[in-house]
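What Swiss-Prot says about this one:
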type	residues	note
REGION	1-283	region 'NADP phosphatase'
BINDING	66, 85, 87	Mg(2+) 1 binding site
BINDING	85, 88, 229	Mg(2+) 2 binding site
REGION	275-566	region 'NAD kinase'
BINDING	355-356, 360, 430-431, 441, 458, 460, 471-476, 528	NAD(+) binding site
ACT_SITE	355	active site, proton acceptor
């Protein structure tokens, strides 16, 4: 019996066994915890046992199923590996909602190992050659065989199917997995960036709807989609001309392990790029062109920058230098090198130095969505994610697309001057500091949050810091350490007159107003003096419309530990 016929028969046998159970009160009983860690209902166990009996009649195989985990079926050498979800959409079946399915995927075992784990470890989802999904309630069947296209079967009538050609999200119908829904998904729904959303409750069938063009895409951006949920649908969508990746655009190719989980975006090529851009690491699908900025007053940093250039040359990867780095390196360069002229053409910015170099890079990026690869040449370097020994592995991870990007909040604002004019402030990655022009001279402020007066402050100055900057000047002034991805800001008086004037953490959506009641001050943004403010001026700060993006490296809490040891 060939693999397709076997898969079709397994699905039919499951349908015959499950249909009579609909409405039976014992179908809903939890009989055990399945191999995947979720409760197994009686209906699931019966369906799985029927599938095992169906397989035993025709072949020896390795079965991978949510309920049983791994099982070797038959006494002979296994010929096939079968990935099974006996009832996908168990809740729907128990409530007689006609949207639940049996999903079967089969691959051939060419090499046999006596050790079952060794055998399975050598197999991936790409090795599956046949996928069958049968709607148990209606009998509608979707199937595909590698290299032979995808098909839909209803009441004996067979049709070829293919994905939609929709290219505009606003015109698209999206299938969505809503369990443990993410903030990004909620925002996607709230912003109505699509025509319609559908939540059906059977991932296998929803993937088949994408394969036949009834849905334009299916997404689950949480890392919760299991092998057995998607194995059959994966084969069918691929044969229908679709793309199946994780949320970052990396092709899904799970180990054949019942506990394997992944995020999923299924669609056509045109929509896929847009969905990855919304939910994942959009930079993985952008051509790589590094920008390089280095500390130029440190010979070791210049040497590392030179080695980075040589490494990129050896890989054939494009790069451009900022002008000061170019001038520091021009006598060492062995080939023509471009100076950054259009920041939008840069995909990733490599910063070599300390936190000051990162701040220079952030200012240069000017709000564009360009991830920074930050190499620490100093001590702790809270803004730097990699040490100098990790630079080449960091570059390699970006080239091959296996990296994560962390989004961080910035500050934006303006000064409302006493003469009625406005002065727009540059965005701040770390902090805005309002400080006295003359050392040891006390200043007088009023601090407002969302229009309400919070405190009257006498101090040497005041810091408004992002979480990113909470480990810098703010920390030295007695402010709290805030994890970089937290959505908030901290207001820290510098050497306050009153002991009751303490740091204040506020929501990132708050508007912060600082009114100067006495003396002229300097407004300093990320270490650079922005302008001189006078008595009566108001500094208005809020969350920036743009964010900073960092390629993830060292764990934030590891850096805290290093700080405690200094």
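Please read every residue number as a count from 1 along the shown chain.
Note that Cβ sites are derived from N, Cα and C of the backbone, with glycine treated the same way.
Structure coloured by features recorded in Swiss-Prot.
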{"residue": "66", "record": "Mg(2+) 1 binding site", "CB count, 10 Å": "26"}
{"residue": "85", "record": "Mg(2+) 1 binding site", "CB count, 10 Å": "33"}
{"residue": "87", "record": "Mg(2+) 1 binding site", "CB count, 10 Å": "28"}
{"residue": "88", "record": "Mg(2+) 2 binding site", "CB count, 10 Å": "30"}
{"residue": "229", "record": "Mg(2+) 2 binding site", "CB count, 10 Å": "26"}
{"residue": "355", "record": "NAD(+) binding site", "CB count, 10 Å": "25"}
{"residue": "431", "record": "NAD(+) binding site", "CB count, 10 Å": "25"}
{"residue": "471", "record": "NAD(+) binding site", "CB count, 10 Å": "24"}
{"residue": "473", "record": "NAD(+) binding site", "CB count, 10 Å": "21"}
{"residue": "475", "record": "NAD(+) binding site", "CB count, 10 Å": "19"}
**Item:** Cβ neighbour count within 10 Å of residue 360 (NAD(+) binding site)
**Value:** 20
**Request:** Looking only at C-alpha atoms, tell me how far residue 355 (NAD(+) binding site) is from residue 85 (Mg(2+) 1 binding site), rounded to the nearest Å.
**Result:** 51
**Prompt:** For Mg(2+) 1, what surrounds 66, 85, 87 with a Cβ no more than 8 Å from their Cβ centroid?
**Reply:** 44, 47, 48, 65, 67, 84, 86, 88, 90, 102, 103, 228, 229
**Message:** Whole-number answer please: how many Å between the C-alpha atoms of residue 85 (Mg(2+) 1 binding site) and residue 229 (Mg(2+) 2 binding site)?
**Reply:** 6
**Request:** Have a look at the binding-site residues (458, 528) and report the one with the fewest Cβ neighbours inside 10 Å.
**Result:** 528
**Complete:** Excluding 85, 88, 229 themselves, the Mg(2+) 2 site's Cβ centre has within 8 Å the residues 66, 87, 89, 101, 103, 202, 203, 204, 226, 228, 230, 232
**Distance, residue 475 (NAD(+) binding site) to residue 88 (Mg(2+) 2 binding site) (CA atoms, angstrom)** = 52
**Cα-nearest neighbour of residue 528 (NAD(+) binding site) within the listed binding-site residues, 66, 87, 229** = 229
**Asked** Just the number: how many Å between the Cα atoms of residue 473 (NAD(+) binding site) and residue 229 (Mg(2+) 2 binding site)?
**Response** 50
